[in-house]
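S.K.: Got a structure here, written out as structure tokens. Questions coming.
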Amino acid sequence: MAARSPSVVISDDEPGYDLNLFCIPNHYAEDLEKVFIPHGLIMDRTERLARDVMKEMGGHHIVALCVLKGGYKFFADLLDYIKALNRNSDKSIPMTVDFIRLKSYCNDQSTGDIKVIGGDDLSTLTGKNVLIVEDIIDTGKTMQTLLALVKKHKPKMVKVASLLMKRTPRSVGYKPDFVGFEIPDKFVVGYALDYNEYFRDLNHVCVISETGKAKYKA
């Protein structure tokens, strides 16, 4: 079994960046504490993850499975980098995409009650190298549920790439194969990560403020 790819570890006392140093939509000005991971850093890290993925999975047809909705930005950017590597390689491989939607959050807590929406026919995964792309691993329960579903279809290989992984006492111990950033136990939004469907339109990963939580609470 291949070793997991290393990640960028962000410490518990990471101060982040002042909002005034970046372009933040005015309608979120009072709803955020700080910029936690700037967009440019996300993109550079994603480019390296693409290389790690191709090194480990690039010998066979890859099915990239996007976990909606939060994973769509990371998924699109990661696949752009993978496709660039693929078309410039002497040993390019076919790649197809599929989508599944999971829901496990109410407000800022993972409920543990995981709903699978879509993915009714995942028979196309049989015999393929499957790359599941997720925005964030919190407790890990959601991904364990999805992995059990995917493995029923007997793929050749299953790997998980997540932009973020939280250090949290609620974790069940699951760790993905490819991680962009390991972060403290803070509720983050932006770059398609949401709080009750808000904040997906932020370019950066930011820490939500108590004002923001109260304003957009379900």
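Including glycine, each Cβ sits where the backbone N, Cα and C put it.
When I checked Swiss-Prot for this same protein, it listed these features:
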- Ala2: N-acetylalanine (MOD_RES)
- Lys69, 134-142, Lys166, 186-188, Asp194: GMP binding site (BINDING)
- Lys103: N6-acetyllysine (MOD_RES)
- Lys115: SUMO2 cross-link (CROSSLNK)
- Lys115: SUMO1 cross-link (CROSSLNK)
- Asp138: active site, proton acceptor (ACT_SITE)
- Thr142: phosphothreonine (MOD_RES)
- Asp194: Mg(2+) binding site (BINDING)
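Are these features on the surface or tucked inside, and what touches them?
M.R.: Its Cβ placed at the centre, Thr142 (phosphothreonine) has 24 other Cβ atoms within 10 Å. Look at Thr142 (phosphothreonine): DSSP puts it in a helix.
Counting every protein chain shown, the Cβ of Asp194 (GMP binding site) has 17 other Cβ atoms within 10 Å.
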S.K.: Between Lys69 (GMP binding site) and Thr142 (phosphothreonine), what is the CA-CA distance rounded to a whole number of Å?
M.R.: 14
S.K.: Asp135 (GMP binding site) to Thr142 (phosphothreonine): how many Å between their Cα atoms?
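M.R.: A Cα-Cα distance of 12 Å.
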S.K.: Determine, to the nearest whole angstrom, how far the Cα atom of Thr142 (phosphothreonine) is from the Cα atom of Lys166 (GMP binding site).
M.R.: 13
S.K.: About how far apart, in whole Å, are the alpha carbons (Cα) of Phe187 (GMP binding site) and Asp138 (active site, proton acceptor)?
M.R.: 10
